[in-house]
Amino acid sequence: MAKLTVEDLPLEGKKVLMRVDFNVPIKDGVVGDDNRIVAALPTIKYVIEHGGRAILFSHLGRIKKEEDKPGLSLRPVAERLSNLLNKPVTFVPVTEGKQLEDAINNMNNGDVLLVQNTRYEDVKDGEYVKRESGNDPELGKYWASLGDVFVNDAFGTAHRKHASNVGIATNMPGKAAAGYLMQKEIKFLGDAVDNPERPFVAILGGAKVSDKIGVIDHLLDKADKIIIGGGMAYTFYAAKGIKTGDSLVEKDKIDVAKQILDKAGDKIVLPIDNVVADKFDNDANTKVVEGDIDDGWMALDIGPKSIKEFENVLKDAKTVVWNGPMGVFEKPNFAKGTLEVGKFLGTLADATTIVGGGDSTAAVKQLGVAGKLTHISTGGGASLTYLEGKVLPGIAAISEK
Ligand SMILES: Nc1ncnc2c1ncn2[C@@H]1O[C@H](COP(=O)(O)OP(=O)(O)O)[C@@H](O)[C@H]1O
Ligand SMILES: O=C(OP(=O)(O)O)[C@H](O)COP(=O)(O)O
């Protein structure tokens with residue numbers, strides 16, 4: 001069944017509770033990358049242009065003790081949001097009580113209010129009580145009581161079962177809808193995995209196999225090819241009996257990697273050659289080697305033949321999902337593999353190219369190729385959970401049409 005969307009809700013004159021993911025980097029009280037705020041604007045604008053009173057909830061960082069709170073206030077986000085919307089945003093520095101309720105009651109149609117970081121509720125009187133993160137039933141009920149309808153646009157948080165997403169939604173049956181960003185993320189990631197235009201190629205990289213076993217397992221049944229690069233490739237090397245030197249290898253995952261390779265046949269594509277270094281440092285001595293990696297050397301990027309091979313696999317693809325860099329892209333001397341793969345994806349005019357959050361997004365942005373790709377997910381953990389084929393609690397709690 002299809003989910004209720006923001007367009008299905010009555011908005012005029014309504015108190016519209018909205019869960020957004022404004023978990024953005026903040027340094028010295030100033031928002032850094034505001035992509036997640038920008039991504040939520042279409043839904044916020046739709047709500048206020050239709051006479052709704054937008055009451056926004058988000059978490060920021062993780063709060064385990066009182067001292068964590070001051071540095072994790074959402075005030076700087078309210079300022080950035082106000083600039084982006086070009087209108088005032090009322091910031092309420094608390095998450096419950098009279099100050100919040102009065103501020104909501106004073107709103108006019110079209111006004112925007114941002115509630116303090118929902119994870120302030122995780123610590124009360126110095127105790128780590130996890131009211132938000134533990135989905136305390138009373139908290140979800142209380143927040144739900146503050147509004148008339150609920151819009152969840154926080155895809156980045158959809159893999160969490162917290163009071164401000166699942167709690168509010170379950171207390172507003174028939175009135176909890178998906179925002180535009182949520183719908184867009186579900187459409188791109190959902191279509192890619194369940195209804196892809198073929199050939200469908202997945203590119204997986206990053207540090208650890210252990211983080212991505214669920215994704216590989218799920219995608220083995222769905223994708224036509226799975227390219228594996230980055231640190232995780234070398235556990236697969238070990239599984240194939242190729243020497244790995246000092247490269248990152250998860251010894252306790254070699255057996256799993258063997259099982260995956262047995263099941264995959266020729267579906268999995270591994271690097272042919274690698275840039276190896278004599279230490280984990282941008283200024284290390286480096287060389288390109290094919291196959292075996294000698295002791296004293298560690299693979300920190302894929303080599304030129306691997307790049308060519310990966311491009312060859314990708315050139316006819318109609319759907320590509322990418323999660324995880326091909327090497328230690330933060331160090332310029334080991335960024336080439338990630339950059340070249342990203343650049344090549346940008347040239348695939350007929351393909352839908354999707355990047356799944358986290359470090360991969362940081363990589364495509366840092367390397368300047370983000371604008372050429374079809375969809376950059378706002379969720380790291382959430383997109384991985386989606387690619388594992390698991391139910392995301394935040395999405396499941398949204399009302400059916
Ligand atoms: N060959 C490698 N050796 C060590 N670390 C690597 C290697 N390739 C990539 N990495 C590291 O993996 C990290 C990203 O991995 P991960 O968090 O799994 O990605 P994502 O967040 O995109 O899922 C980066 O910090 C990168 O430097
Ligand atoms: O930034 C987030 O996670 P992500 O970096 O995996 O995308 C989300 O806001 C979830 O935050 P959390 O992992 O503290 O629950």
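Backbone N, Cα and C atoms are what each Cβ position is placed from, and that goes for glycine too.
Here is what TrEMBL records for this protein:
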- D21, F22, N23, R36, H59, L60, G61, R62, R119, R160: substrate binding site (BINDING)
- K212, E330, G357, G358, D359, S360: ATP binding site (BINDING)
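Structure coloured by features recorded in TrEMBL.
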residue	record	Cβ neighbours (10 Å)
N23	substrate binding site	21
H59	substrate binding site	28
G61	substrate binding site	15
R119	substrate binding site	25
K212	ATP binding site	22
E330	ATP binding site	14
G357	ATP binding site	21
G358	ATP binding site	20
D359	ATP binding site	19
S360	ATP binding site	27
Tell me the Cα distance separating D359 (ATP binding site) from N23 (substrate binding site), rounded to the nearest angstrom.
15
Output: those binding-site residues from D21, N23, R119, K212, E330, G357 whose CB lies less than 6 Å from an atom of ligand 2, in sequence order; none if no residue fits.
D21, N23, G357
Which residues does D21 (substrate binding site) neighbour through Cβ under 8 Å, counting only same-chain ones at least six apart?
R36, A40, S58, H59, D153, A154, F155, G156, T157, T378, G379
Which whole-number value in Å describes the distance between the Cα atoms of D359 (ATP binding site) and G61 (substrate binding site)?
17
Take the C-alpha atoms of G358 (ATP binding site) and G61 (substrate binding site) and report the distance between them in angstrom, rounded.
15
If one measures from the C-alpha of R119 (substrate binding site) to the C-alpha of E330 (ATP binding site), what distance in angstrom results, rounded to a whole number?
30
Taking just the CA atoms, what is the gap between G357 (ATP binding site) and G61 (substrate binding site) in Å?
16
Determine the binding-site residues, out of G61, G357, D359, lying near ligand 1 in the sense that the CB is under 6 Å from one of its atoms, and give them in sequence order.
D359
Over all pairs within K212, E330, G357, G358, D359, S360, the annotated ATP binders, what is the largest Cα to Cα distance, rounded to whole Å?
20
Would you mind pulling the DSSP three-state label for G358 (ATP binding site)?
helix
